[in-house]
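Enquirer: Straight out of TrEMBL:
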- 3-117: domain 'Response regulatory' (DOMAIN)
- 145-210: domain 'HTH luxR-type' (DOMAIN)
- Asp52: 4-aspartylphosphate (MOD_RES)
Amino acid sequence: MVRVLLVDDEELVRVALTAILDSAAGIEAVACDGPEAVGLARSTAPDVVLLDVNMPGADGFSVLRELRALPEPPAVAMLTLLGSDEYLHAALRFGACGYLLKDTEPHLLIDCVRILAGGGVVYVPPQSRAVMGTHVNVPLPAPAAPELRGRVTGREYEVLALLAAGLSNTEMAERLGVGMTTVKTHIGALKKKLGAPSRVALAAVAHREGLLDTASADRP
């Protein structure tokens, strides 16, 4: 069962989107407004949080930072009416796994939730690819490239390449013939070694340091 926490200040939006998500097999949704979000996330441990950006009494990106700081943070996707570059940059900078628009078709929203729950990244607005491209060159904390290459194992290179290609944890596990726990362990190790707080940041560091080139060169 995929547990979803929907955070929005408008009751009509909460009721409508909760009904859409609950109609899908294997998804269970609860909803709250911004000030309740972090407390409810602590008590219910959702797999996915869909988080509005503009809410009275709770800035969406402030809530995002708090959710990312939890001991076992959920996958958080911003859910908003606005597809602005400014908000997309902020979502990437603060570690959101996704950015969805409220006019997303119901079946696509359900698909996106399943991708997020599986460890994938989903950015829907048309300009997302260009905005995400600029984050590949954003300076991120990491040791020098030679040191990085010495610390990342061959299997971790494989996981890194698949993650940067957009595969979910489930897809990576199937491709590599390993369990989900093993994939998560590799991703956790990569985050520590590369100083990357999120999957998006991890892919950005990998591109910047040329680690994906190394992964390709190591393949038979």
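Every residue gets a Cβ built from N, Cα and C, even glycine.
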Enquirer: Using Cβ-Cβ distances, find the residues under 8 Å from Asp52 (4-aspartylphosphate) that belong to the same chain and are at least 6 apart in sequence, listing them in sequence order.
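Expert: Expected: Val7, Asp8, Asp9, Val13, Gly34, Gly60, Met78, Leu79, Thr80.
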Enquirer: Could you tell me how many residues in the domain 'HTH luxR-type' (145-210) are helical, how many are strand and how many are coil under DSSP?
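Expert: Summed over the domain 'HTH luxR-type' (145-210), the classes give 52 helix, 0 strand, 14 coil.
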